[in-house]
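Chemist: Reproduced below are the annotations present in TrEMBL:
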{"type": "TRANSMEM", "residues": "7-28", "note": "transmembrane segment"}
{"type": "TRANSMEM", "residues": "40-58", "note": "transmembrane segment"}
{"type": "TRANSMEM", "residues": "87-115", "note": "transmembrane segment"}
{"type": "TRANSMEM", "residues": "146-166", "note": "transmembrane segment"}
{"type": "TRANSMEM", "residues": "178-208", "note": "transmembrane segment"}
{"type": "TRANSMEM", "residues": "220-246", "note": "transmembrane segment"}
{"type": "TRANSMEM", "residues": "258-281", "note": "transmembrane segment"}
{"type": "TRANSMEM", "residues": "307-334", "note": "transmembrane segment"}
{"type": "TRANSMEM", "residues": "346-364", "note": "transmembrane segment"}
{"type": "TRANSMEM", "residues": "384-406", "note": "transmembrane segment"}
{"type": "TRANSMEM", "residues": "427-447", "note": "transmembrane segment"}
Amino acid sequence: MNERDNFSSKLGIIAAAAGSAIGLGNIWKFPYMAGQNGGGAFIFVYLIAVVLMGYPLLYTEFALGRRGCSNAIDAFGKITGKKFLNIVGYLAVGTVFLVATFYAMIAGWVIYYFIISITGELYTITPNVELATHFETVFKTMNQNAVWPIIGMVIAVLATGFINFSGIKDGVEKYSKVLMPLLFVIFIVLIGYSMTLDGFTVAVNFLFKPDFSALTPGTIISAIGQAFFSLSLGMGLLVTYGSYVPKTKNLRAISRQVVIADTLIAIFSGLLIFPAVFTYGGSPAAGPSLLFEALPQVFAQMPGGRWFGALFFLLVIVASITSMISIFEIIITCLLEKLHISRHKATVIVVIAILVGSLINILGEGPWSHVTLNGSTIFGFLDAITNNITIPLTGALTAVIATWFWKYKNMEHELTSEGLYKSNVEGPIFFTLLKWAIPPIILALIITSL
C-alpha cells in the first residue's frame, strides 16, 4: 500500500482502542477470573499491573506502531533496523488469531442466549428441576448439539468482517463511535439496577476487601495476564492501531484515557454481575461458564429477569463485536502489506480462517470434547496458553525491544510527537520499569506458573 488509511479524530482513536480493550475481556473474563481467584486480592494485583505494566506498555505499543507505520509483524524490525525482531510480531499475530477463534465462539454463545432470553425459552424450567441443573443442562445441550453456537458464531464473524471490510475511517472508526456509547448506556442501566439488590454490599466487600492469603504465583500471573488481555497488549493490536494514528495526536493522553475507560468497565462488570450472583445464590467461582450458567439462575429469580437478561446479553454482544473488530484489523493489515492484496480480499481470507478456527473450538466444547490438550478442552488450552504465556511474553519482549533496541531518546521523540508535546516526569520512571523490572518479573512469573 502506498497510502495508509488513518483515524480522522481523537474520539475515533479512543473509541476504537477502547473498543478493542473494552470487550469480552472485561465483561466475560474479568468477573470469572476475579471470582475464581478470591476477588479482592486478584483485583489488587490487577490494578497494580494495569498502572505499572499495562499503561506504559500500552503507550509503548502505540509509539512503536506509529513510528513503524506498518503492520504488527514488520514494525519491530522497521524501527530497530533488525529484521530478526519481527519474530515478536509473528508471535503477537499468532496469539491474536488464537484469541479470535475462541472470541468468535463465545460471541456465538452470547447471540444464542440473547435470542432464547427474549423468547423466554431460557427460563422455561421443567417442574422439580433445580435452577442450577436446568441452566447447566441448557449450556451443555447447546454445546453438544453445536448448531446454534455455529450459527451465532457465523453471524458474529460476518458482522465483524462487514465492518472491517470498509476500512479504518468508514468501518472501524465509524462503527466504534456508535457501538461504544451504546455499550456505556446499557452498562449504566444495568448497574443502576444491580445497586438496588441485597447482595450489592457483599459484592463490594468481595471485590474490594482483599484476602492476601489467597495470593499465589498462579493468581499473580493470572492477574497480570488478565491486565494484558483486557488492555489488548501483547497481541499487536495497539501496534496496528498506532500505525493509523496521526503524528499530531498525544499518545500518552490517549493511552491514559483508554486505560481509565477499560479499568472502570472491568470494575463495573464486577459490580454488575456479583451483586446478582450473591443475591440469588450463584457461585462467584463458576468459571468461564459464569455468564451462561450462574447468571441465568439469577435472571430467572429476578422480577423482570427475562428482559434484564436480554439486555445484559445484548451488552455482551456489543462488547464482543467491538473487540473482534480490532482483532480482525490486526490480521487484515498484515495481509494487506505482506501479500500486497486489497482490503476486500484480506478481509475475506481472515473471515474464512476465523470461521474454521472457531468451528474447531465449538466442536471441541461439544462433539469433540473428548479431545484434550494438557487435560483441557481445545478452548481451555488456548485460553490458558494465551493468557498465561504468549500474551505476557510478547508484552515482555516488546518492552525489551523498545528499551534496549529503540532506546529512550527515540521513544520519547515519538511519544512527544517530535516535540509537539512536553516530556514529563513519568517518561524516565516508566522507561526504567520497562527496561529493568517488567521483563524479568513477567518471565519469572511465567516460569513459576508452568
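Heads up, the Cβ atoms here are built off N, Cα and C, so glycines get one too.
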Chemist: As a test: from 40-58, 87-115, 178-208, 307-334, 427-447, pick the stretch that has the greatest number of Cβ pairs under 8 Å with the transmembrane segment (346-364).
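Modeler: Stretch with the highest Cβ contact count: 87-115.
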Chemist: Mark yes when the transmembrane segment (307-334) and the transmembrane segment (146-166) have three or more Cβ pairs under 8 Å (sequence separation 6 or more) and no when they do not.
Modeler: yes
Chemist: The transmembrane segment (427-447) vs the transmembrane segment (40-58): three or more C-beta pairs under 8 Å (separation of 6 or more)?
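Modeler: Contact between the transmembrane segment (427-447) and the transmembrane segment (40-58): present.
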Chemist: Using a Cβ distance cut-off of under 8 Å, indicate which of 40-58, 87-115, 178-208, 220-246, 384-406 has the most pairs with the transmembrane segment (258-281).
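Modeler: Ranking 40-58, 87-115, 178-208, 220-246, 384-406 by Cβ pairs under 8 Å to the transmembrane segment (258-281) puts 178-208 first.
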Chemist: Quick test of the contact rule: Cβ under 8 Å, at least six residues beyond the ends. What residues does that give for the transmembrane segment (384-406)?
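Modeler: Same-chain contacts beyond the ends: 53, 57, 60-61, 63-64, 67, 76, 79-80, 82, 85, 88, 91-92, 94-95, 98-99, 221-222, 224-226, 228-229, 233-236, 374, 376, 431, 434-435, 438-439, 442-443, 445-446, 449.
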Chemist: Tally Cβ pairs under 8 Å between the transmembrane segment (40-58) and each listed stretch (87-115, 178-208, 220-246, 307-334), then give the stretch with the top tally.
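Modeler: Selected stretch: 220-246, with the most Cβ pairs under 8 Å.
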Chemist: Is the transmembrane segment (87-115) packed against any residues at least 6 beyond its ends, judged by a Cβ distance under 8 Å, and which are they?
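Modeler: 23-24, 28, 71-77, 122, 142, 148-157, 234-237, 239, 291-292, 296, 309-310, 313-314, 316-317, 320-321, 323-324, 327-328, 330-331, 334, 353-355, 357-358, 360-362, 365, 379, 382-383, 385-386, 390-391, 393-394, 397-398, 401.
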